[in-house]
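Colleague: Let me give you the structure first, and then I'll get to my questions.
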Amino acid sequence: MDVTSTLSIFEISAIFLSITALLAYINHRFIGLPTTIGVMVISLLVSIAAIFLGFLGFDELIDYEVSLLDQLNFTHVLLDGMLSMLLFAGALHVNVSDLRRYKLPIGILACVGTLVSTVIIATALYVVVPLLGFNLSFIWCLLFGALISPTDPIAVMGILRSAGAPKSIETVIAGESLFNDGIGVVVFALLLGILTSGDMPTTYSVAHTLTVEAGGGIIFGLILGAALNYLLKAIDSYQEEVLLTLAGVIGGYALASHWHLSGPLAMVMVGLMVGNHGRNLAMSDKTRHYVDLFWELIDEILNAILFVLIGLEVVMIVYSANLLVAGVLTILIALCARLIVVGLTTTIFNKQLELPSGAWKVLTWGGLRGGISVALVLQLPDGSQRNILLALTYAVVVFSILVQGLSVGKVAKSIKTK
């Protein structure tokens, strides 16, 4: 029985917001983990309990959870709702001068690194998975490589700061993740188009798509950011200025998507423009305080909801013994691919990077996967291959957030500040 058939979108949203608030309270009061990791741990335990009760014949909880998640549509909520605000909020406090200083490692890791990681993961998966009795064509392996390569710094940045990690490491991890989300989404969309159409695109069409979507998104973001700064400078009223930033983010992302430009890259550029020019040149101290406070709250609330959803979505996966083994091997493959990309970058460009000794350790272990990977895998067409990739994606995401996220602070403390 569909227990949520009579619920509206508002009611479903209210349920998930209430769940998030309750889990955040429990974590803060009794557990004390970083908020995003803590709420995910608890929601994961709730999902495991629901699955266990289902095995015992008590299906009500898992049926209710599955029905809610089906109606919510995780992919739509993240890619068409949360992502624009999360990327803008993340870019708002990134210093452009720091980005320029570390533009080489950020550019290589975000662009070349994402593509290289996609190919390495796809090739390794294509070789390993058949040994466990699963059938994945190479295009499906490439899709997995594209969706699992983008990194998510949300859970790790606070830990790095408390661990006293060098500012350069924070800048590179944050900068890489802001841009590789957009690159990963574009590459994934390109590969998904090949899968669904069955046509192999020409080199020109691939280059054209990447240039138009990625380059167009960046240019659109710069134009929108400049326009937003102009409007912010023309008035001095924090209520209207906060509203302008919100409208610019949501409306700008919708326009970019409508024009087939990269919305994620556009929002990163808008965030950098407003954060580095608008905040300093177009806002009073009072307005700056309220804008910062508003977007900090938006960032914290949406991230908490996102990580709760990641934990709850586990009930949608059907695991087997072989699939669990495949998940463990995929975790190792993803870590090795990350190590290769980071290792090559830091070795070849060692003198130009100006990074502390041992930075490769934090860059490798701090390359967490998160909501983007889950949202993209849920976009895949139904079938056995999608079910395999869904399970593998969750294995990597849960491991990276819980294991890497909670231990990266110790790794950061072990390196020397340059």
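Each Cβ is built from the backbone N, Cα and C atoms, and glycine gets one as well.
Got these off TrEMBL a minute ago, pasting:
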type	residues	note
DOMAIN	19-411	domain 'Cation/H+ exchanger transmembrane'
TRANSMEM	6-25	transmembrane segment
TRANSMEM	37-58	transmembrane segment
TRANSMEM	78-96	transmembrane segment
TRANSMEM	108-131	transmembrane segment
TRANSMEM	137-160	transmembrane segment
TRANSMEM	172-195	transmembrane segment
TRANSMEM	207-230	transmembrane segment
TRANSMEM	242-259	transmembrane segment
TRANSMEM	302-321	transmembrane segment
TRANSMEM	327-350	transmembrane segment
TRANSMEM	387-408	transmembrane segment
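Provide an account of the burial state, proximal residues and distances for the features listed.
Modeller: A Cβ distance under 8 Å defines the sequence-distant neighbours of the transmembrane segment (37-58), meaning residues of its chain 6+ beyond its ends; these are 19-20, 23-24, 26-28, 31, 65, 155, 304, 307-315, 398, 401-402, 405-406.
A Cβ distance under 8 Å defines the sequence-distant neighbours of the transmembrane segment (108-131), meaning residues of its chain 6+ beyond its ends; these are 138, 141-142, 144-146, 148-150, 172, 175-180, 183-184, 187, 326, 329-330, 333-334, 336-338, 340-342, 345, 349, 363, 388, 392.
Sequence-distant contacts of the transmembrane segment (137-160) (same chain, at least 6 residues past either end, Cβ-Cβ under 8 Å): 34, 36-37, 86, 90, 113-114, 117-123, 125-126, 129, 169-170, 173-174, 176-177, 180-181, 183-185, 187-188, 191-192, 194-195, 303, 306-307, 334, 337, 362, 366-373, 376-377, 380, 385, 389, 392-393, 396, 401, 404-406, 408-409, 412.
Listed by sequence, the residues of this chain that lie at least six past the ends of the transmembrane segment (207-230) yet keep a Cβ under 8 A from its Cβ atoms are 182-183, 186-187, 189-190, 201, 244-245, 248, 252, 255-256, 259-274, 277-278, 281-282.
Packing against the transmembrane segment (327-350) from elsewhere in the chain are residues 104-105, 108-109, 113, 116-117, 120-121, 124-125, 128, 132, 145, 148-149, 319, 359-360, 363-364, 367, 369, 391-392, 394-396, 399-400: each is 6 or more residues past its ends and has a CB under 8 Å from a CB in it.
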Colleague: Which sequence positions outside the transmembrane segment (242-259), separated from its termini by at least 6 residues, show Cβ-Cβ distances below 8 Å to it?
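Modeller: Distant Cβ neighbours of the transmembrane segment (242-259) are 80, 83-85, 88, 216-217, 220-221, 224, 227-228, 231-232, 266-267, 270, 274, 287, 290-291, 294-295.
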